[in-house]
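The structure under discussion appears below in the form of structure tokens.
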């Protein structure tokens, strides 16, 4: 029934999926309750001021912990946390395995012996050994070997706002760095890499700005070179496939002739491998040629949509800034989430003696559910923000497409789309983002299990786990694509999420080959655009960094620049891809329910109109011969039958 229902673009506006909006509001209220509860009951002083191994919070008077010596001390004058062995890092549990003390000052220079530690305590009044030792006993008491810091004590400085003494020399964390950066085996290499970043920070910022400019320029010129670019890529793929297949068969023939004289096992293996490669390349080439043959008439639609997408960005220039707004909102939310997480980490934790006689803070059972609620909130609200971007873009492009006179467009279609989103469709966005969350959470749990069991599970279990993760990832991508089209259908017809998703799915199935052509050719074009921006930025970086003589290694700055360039290009071109997808759904609806006759005029652009006219001519020619193309394009002129 939904496929026969009339589409009335932008005529009616009604609230959609209101129950889901109420559910999302209730969920956000729960997130706010966790925030307030964690701040009200959490030990903010323990988070900010830090605490020692005996449960004392630095910089204040403390309450005695039963069964723990050195607890309940007055540490008003000792405001900084100092680790006796700050370089002893547990990579598995990601924490410092060292006794922590509260001191009045961090050692601002290296202390090479107990005598230096004693002199520092007498001069600065900061005792770096355990509380039961007096500074006069540092060099005479045999317990000093365990109760004093491991020397040489590295130069350290307090971390701003968090009152922890951290070594100034980062080589102290060489092992931790090696765990994250596998190619760093020598701390001197790490020093040179970081010095290269610091010395070339102006160049890095300039190159990042260059990648931003290149991305914006590419979005403009794609409109003008789309036709040439698509056919060049198609020809290159065909020639590459034919050439690679020919070379493999030539090598096989040559190897077979020469193998007659050398009857060795290695020669036979090489000959067999070449035969397998040649056959596989032949099959691939044949499939590729068939795909190109089938898709050759549908590539024209991709070219036309890219051309119209360029016009959309000219009429709606604020679309370019959508990634910035979304990124800014995400950063604000993630900052809030991490802040609450830190406070939540100190909520409901009680001091408990461990096996070594020190204090650990452990969370009570019921409070653990708050962590899970908070994690689900991270995923759902993040997906909600991204879905709001998709709905905003869809609403603006739909307004552009279904406005016959472009001069009558709203002054700011983006803001008009945001207004419709806030007034009518927040419930639809909440429901769509919740569906993605339902798929993403199990995948993340399976990934966590796979990480924890790495090296312990058998091959069969590992294969099944990876297969489940892969299936969930594919399902998530398919649902994301369907959600985006459902948002477009909602922006057109103001229907709820399920109805919009069903209507969009019907349209996509009826145009399956066109969808395949757009997603393959279009995505490949945009991928090449990303590669072009990264390569151009990287080349400029090599030329600029090559003239720097202040440091020895500039590999890390170049990697940073290339990663940033890819991120920027992805953000911009993903908006371009989104616009193309929205335009395609609008075009499919337009051609299905309109035929250009009086009262049923097309909404589409002249470029798309030319494509329709060419398709009609092809349909008539194919119809005389009973071709498949005529049957496929029939709905375009047979909308009355719907």
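Heads up, the Cβ atoms here are built off N, Cα and C, so glycines get one too.
TrEMBL does not curate its annotations; it predicts them automatically.
Check TrEMBL against the ranges 327-345, 346-364, 403-421 and you find transmembrane segment recorded for 327-345. Looking at the stretches 163-182, 183-202, 203-222, the one that TrEMBL records under the feature transmembrane segment is 203-222. In TrEMBL, the annotation transmembrane segment applies to 228-253, one of the ranges 98-123, 124-149, 228-253. Looking up the ranges 551-573, 574-596, 597-619, 620-642 in TrEMBL, the one annotated as transmembrane segment turns out to be 551-573. Counting C-beta pairs under 8 angstroms (sequence separation of 6 or more), the transmembrane segment (524-545) reaches the transmembrane segment (228-253) with 3 or more such pairs. Counting residues 6+ beyond its ends, the transmembrane segment (203-222) has Cβ neighbours under 8 Å at 197, 229, 306, 309-310, 313, 320, 525, 529, 532-534, 536-537, 540-541, 544-545, 548, 557, 560-561, 564-565, 568-569, 571-573, 576 in the same chain. Comparison of 20-45, 228-253, 327-345, 371-402 by number of C-beta pairs under 8 angstroms to the transmembrane segment (300-320) places 371-402 first.
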